[in-house]
């Protein structure tokens, strides 16, 4: 993946709040959120605040190792239940591998992401931003702000 899409903290909060507005419009009485660790943790915290949801759990699936997709995903921890009246939150749906696991674990859940790539898009119930399949998304928790020398000094 040669191109990168840089996500700032501000962008993430704005997009997640847009998702919260959409979820409010569904008029569903949500009982909780399941955050897909780790990418869904920050969006889940924002959604929980905006929707007034106090019950937040996690499902922990190892699918990425820093910047490369793992072929074999490992379920480390599951949340209980079938997902009824639950929002499952991840930061993105990429190839759909993790999303298929989520759908099997929580068939009654409402599955949302902030970003969606073409191969996984149909596996989520809602998302905010379309991303091309060949673009790598850099999330704010994976980056830091650092000094860059002026061009004249290079």
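Every residue, even glycine, has its Cβ placed from backbone N, Cα and C.
Record features (Swiss-Prot):
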- 38, 39, 71, 90, 91, 92, 93, 94, 95, 96, 97, 98: 5-phospho-alpha-D-ribose 1-diphosphate binding site (BINDING)
- 71, 94, 95, 96, 97, 98, 136, 137: GMP binding site (BINDING)
- 91: Mg(2+) binding site (BINDING)
- 94, 137: guanine binding site (BINDING)
- 94, 137: xanthine binding site (BINDING)
Within 10 Å of each Cβ, count the other Cβ atoms and name the one among the binding-site residues 38, 91 with the highest count.
91
Distance between residue 93 (5-phospho-alpha-D-ribose 1-diphosphate binding site) and residue 136 (GMP binding site) at the Cα atoms, whole Å?
12
Tell me which of the binding-site residues 93, 137 sits in the most Cβ-dense spot, judged by other Cβ atoms within 10 Å.
93
Which of the binding-site residues 94, 96, 98, 136, 137 has its Cα nearest to the Cα of residue 38 (5-phospho-alpha-D-ribose 1-diphosphate binding site)?
98
Please name the residue among the binding-site residues 95, 98 whose C-beta has the most neighbouring C-beta atoms within 10 angstroms.
98
Three-state secondary structure, residue 98 (GMP binding site) (per DSSP):
helix
Give me the Cα-Cα distance between residue 97 (5-phospho-alpha-D-ribose 1-diphosphate binding site) and residue 137 (GMP binding site), rounded to a whole Å.
17
